[in-house]
Amino acid sequence: MKTLYSLRRFYPVETLFNGTLALAGRDQETTGFAWWAGNARLINLSGKLLGAHVAHAGLIVFWAGAMNLFEVAHFVPEKPMYEQGLILLPHLATLGWGVGPGGEVLDTFPYFVSGVLHLISSAVLGFGGIYHALLGPETLEESFPFFGYVWKDRNKMTTILGIHLILLGIGAFLLVFKALYFGGVYDTWAPGGGDVRKITNLTLSPSIVFGYLLKSPFGGEGWIVSVDDLEDIIGGHVWLGSICILGGIWHILTKPFAWARRALVWSGEAYLSYSLGALSIFGFVACCFVWFNNTAYPSEFYGPTGPEASQAQAFTFLVRDQRLGANVGSAQGPTGLGKYLMRSPTGEVIFGGETMRFWDLRAPWLEPLRGPNGLDLSRLKKDIQPWQERRSAEYMTHAPLGSLNSVGGVATEINAVNYVSPRSWLATSHFVLGFFLFVGHLWHAGRARAAAAGFEKGIDRDFEPVLSMTPLN
């Protein structure tokens with residue numbers, strides 16, 4: 001292979017060991033891309049690329065609809081969702097569909113409707129994808145200039161960015177409208193153990209909403225993941241939706257400033273790397289949210305958080321031993337600290353034992369037993385309700401651990417129910433996907449910057465030093 005760039009397109013080139021390999025009538029010399037970079041053939045074919053994106057959306061929506069119906073078909077109303085390995089129905093239940101007090105599923109028909117709507121949508125998207133990939137115009141610039149683009153056209157790219165931002169803003173407002181006007185959403189903090197309610201008193205104070213962003217990510221602070229009431233969550237979506245829509249309008253109406261034109265790389269691969277970087281951040285944040293937050297991800301549907309299961313076990317044994325006559329306020333544990341209750345470093349009364357590390361847990365079954373200085377001893381003696389006992393015993397035995405030994409004091413038993421928490425699945429999958437997206441971001445950012453700088457990492461195999469060296473044998 002004689003050139004390190006394509007004579008026809010001036011794109012960065014993959015350097016193959018075998019530069020003469022031709023597949024489907026394409027070879028590296030004429031296209032500038034190796035056989036495995038299949039998407040590269042669509043770089044300048046906006047119509048075909050549209051088809052690929054629409055078809056991909058169809059696959060995503062088809063999976064959502066099919067998996068939704070699969071979960072509905074296998075759903076057992078008598079068991080909690082998190083015991084059935086469900087990952088889609090918990091999201092629908094959190095939005096207030098089909099559930100009542102305590103998160104009990106009253107009606108699965110809304111879930112069926114959701115699955116069917118997604119399947120129908122996927123058929124429309126699939127048809128559109130096949131049409132644009134096979135039958136429609138290869139390029140859109142001539143026939144449909146509004147939908148056409150050139151990757152280097154900075155103004156067009158920011159217009160497309162603006163359209164995307166407006167669509168994201170509309171999505172944020174869909175949640176707001178559902179919570180305000182269309183039946184409400186599930187609130188795990190509703191009195192008596194959770195219920196569906198309309199959110200009437202939105203938090204719109206910027207100091208509260210943006211205060212979450214300024215909090216430390218550690219300990220009892222917990223950054224945005226620490227949000228624990230729906231007024232703040234829905235109010236945050238009002239702010240987010242407004243910012244996205246206003247930012248979208250701004251990007252449609254303006255051209256990039258000089259500093260942005262200089263600082264950013266303006267190529268298709270650069271935009272891919274920016275998108276992968278953003279998705280990576282989303283994945284890591286979602287991982288933390290589903291692992292720690294029991295308001296946006298109610299434990300009634302997703303199972304308890306790790307700290308919640310640990311605190312639930314301490315509470316369950318406190319209830320048991322108190323009934324057997326133990327004085328839970330003064331009993332000493334094996335380390336000399338309180339066996340059931342102790343004080344945190346700042347003086348609050350907290351659960352003793354290994355679960356002390358999770359003393360800043362907030363959960364709707366536990367908060368009614370707190371006073372101004374942490375857990376209230378008189379409430380623990382007189383005010384514990386049966387629903388709190390039932391829920392804590394249930395959460396104690398459904399920790400999202402996947403471990404054979406004790407973690408955070410939670411007794412795990414290898415002969416127990418065959419159980420993997422949806423929290424474990426969702427947190428792990430989003431972390432792993434976030435990581436791979438980050439690697440993809442670095443890869444494509446490096447290639448895009450190299451191409452913009454006028455070079456491409458790689459060795460011309462015709463003159464590779466190893467070719468002139470003595471064979472190993």
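Cβ coordinates are placed from backbone N, Cα and C, and glycine is handled just like the others.
Of the given residue ranges 3-23, 108-128, 234-254, 255-275, Swiss-Prot assigns the label transmembrane segment to 255-275. Within the set 24-45, 134-155, 354-375, 376-397, the record from Swiss-Prot flags 134-155 under the feature transmembrane segment. Cross-referencing 69-93, 319-343 with Swiss-Prot places the feature transmembrane segment at 69-93.
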